[in-house]
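The block underneath contains the structure these notes are about, expressed in structure tokens.
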Amino acid sequence: MKREDVLMEALPYIQKFHGRSMVIKLGGHAMVDTCIMDTVIRDVVLLQLVGIKCVIVHGGGPEITEKMKAMGKQPRFVSGLRITDDDTLEVAQMVLVGKINSKIVSLVSRAGGRAVGISGNDANLIIARKMDRQKVRVENREEEVDLGHVGEIEEIRPALLHTLLDNQFIPVISPLAIDRNGNDLNINADTAAGELAIALGAHKLISMTDVDGIMNRERTEVYRRMTPQDAEELIASGVVSEGMIPKVLAVLRALHGGVPYAHIINGNLAHNLIMELFTAEGVGTMITDRIDEV
């Protein structure tokens, strides 16, 4: 496709999305590859420059695990959730806020944008409660495990985000929360992104991962568009499995909460974010029950 054709195809999408908000969840290999991350951030800054209000939510699980191992501490998980004792919470805060968040903010500035790095516990942005003990099977018997400082989101207070967005800043949010007694909690980044999208009334939730989207059973083709019901059936039938399940569930929660469109795309390929949003074919999976709009 010629360069002028790309620009002309993008124009109606730019016009349609102008002034609308989008929550972009960054995860996967892009989080540890600065070159890939730099490309993604440049795309986000471009979105802002054409009038789209962007919120970035980032993960950091692999980096937390790496830091813990370097400190001689073995990570532990139950049902995909990290057991977060006092030391683990301290490491998570160090990695998420001190390393990843600050790096993203710097990349936004380098690309010509303006970002503000915050955590979910800043300004009581994300209120959560300590997650209930989880039941697991150990040697043919059921046990309950305390996950420690792991939170389940109860409330989003988006006033700070609206202020930042209205003043042309890009909020960059670490997946931490605070309970009603002022205690810090670790939360799932996919879940946080979905709940923030609902609270903001976002037009789109975009999950950037290490895969091209939701694949068919044979793993030979990416579904370009599907309804929430289609996605639920793929989970029930086992086509969507393992690490994709929590990502798709977070997307479905956002859609059921009023977000019109959700996308799952590969964040490791240059300019996939732009191609997904500004071309008719896209590059990943769009989930929506809308028919005509984008």
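Using N, Cα and C of the backbone, Cβ positions are placed for all residues, glycine too.
According to Swiss-Prot:
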- LYS25: site 'Transition state stabilizer' (SITE)
- GLY60, GLY61, ARG82, ASN186: substrate binding site (BINDING)
- LYS247: site 'Transition state stabilizer' (SITE)
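The structure, with features from Swiss-Prot marked on it.
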residue	record	Cβ contacts under 8 Å, 6 or more apart
LYS25	site 'Transition state stabilizer'	ILE56, VAL57, HIS58, GLY59, ALA189, ASP190, ALA193, LEU205, ILE206, SER207, MET208
GLY60	substrate binding site	MET31, ALA92, VAL95, LEU96, LYS99, ILE100, SER174, PRO175, ALA189
GLY61	substrate binding site	ARG82, ALA189
ASN186	substrate binding site	ARG82, THR84, THR88, LEU89, ALA92, HIS149, VAL150, GLY151, PRO175, LEU176, ALA177
LYS247	site 'Transition state stabilizer'	ASP190, SER207, THR209, ILE264
Self-check item: Protein Cβ atoms within 10 Å of ARG82 (substrate binding site), excluding its own
Solution: 22
Quiz item: If you run the three-state DSSP split on LYS247 (site 'Transition state stabilizer'), which class comes out?
Solution: helix
Quiz prompt | Other same-chain residues whose Cβ falls within 8 Å of the Cβ centroid of GLY60, GLY61, ARG82, ASN186, the recorded substrate site, in sequence order | solution = GLY59, ILE64, THR65, THR84, ALA92, LEU96, PRO175, ALA189
